[in-house]
């Protein structure tokens, strides 16, 4: 026995070493790929920098050219004004010289075609007297010079951006409740350059560290700004969930945190089509009234059975769900019932059922395996249910051992079923508001199978649900159970 234990331990250790070797080879391959990617990204960054500098150079050169054109235009305008003023002055000077050469005033007045009053006015207001002989603009372009000394020092100081450190998941602050997982983490030291976080998660049936082989791919939630995130709307169809977080700055993502494994075990079952009444059409989590009585399906199944000598996988006695069904007969008569394919044997579990609005009658509950093929839920001492009858007028009641208690409350859209097998408690809730509808108290002596009855309509079952925190709170409150546990609790 000692040698067998040693050999078993050695075999397990060998498996771990093989897994570790696979992980190392996988890591080496990733290093090569990531190094190549880093060089490509570096080329892209420098190409982008060159592009920015080239664009800036073109823009600034264009600004200098515009300033040159502005100054030249201003000087040319001033040059034109001076030329026109000079031309007018020369004409006036010639006239003035002619006037000065005439000594006799009488002769001056006799000069033909001269309006002396106009001449005086023109000379007085000549543009040459008003013209500024100072350039309007300077020839200096020093104001368009640049100094890249600081930028050069900054570029010379460029280094690889520090990679953010791996966050640390605070397991004590993580919470699994109400079909949600809330995960919290913190940075080992403050880092103002952190832009966002990335959360990855995947379902698994293995406790402990994630494995390389035989695991699902990571699901990604990106661009999380806070250090806490809630995954909602989950179906807990596995026992655990692996989670890890990485921090990212503007350019690079850091290492992942050490992955944590949170327990997410929940009660998962499907509807057992081999147990259902022929008037029911059954899928995994949906059952519907079939007025044809399943005759078409039976013909198809009959042909399949004739053409095959192999037993149906659903009737295999080796599967745990098959053993839970116990190979029972189909329900018949007016017992329009279908059972779940997995039994409750211990612990606390929760599931929900939603009936279609046009459903005439349905029941939701649990039963021992020994429910007879003609028995109806709640009419035996081994079955408990809540029943809704919408035929003619609506009635709502809790049933057990052929006794009914009328529930004077509105019928909810969804009914939640809470089963505490070890505590001997079966409670029904309004699944939306979590208001208690009714509670049965007894000592369960056999495994329980979820049971559903449907007539004229359809019903959907939701499994893989965590026990809601509101339900757990109500279970601790005696007032929450008051008045709902009547004589129906007396069980042989």
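A Cβ is built for glycine as well, from the same backbone N, Cα and C atoms used for every other residue.
Cross-referencing 252-290, 291-329, 330-368 with TrEMBL places the feature region 'Disordered' at 291-329.
Remark: secondary structure over the domain 'Fibronectin type-III' (163-267) totals 3 helix, 49 strand, 53 coil, with classes taken from DSSP.
Averaged across the domain 'B30.2/SPRY' (267-470), the predicted model reaches a pLDDT of 85.
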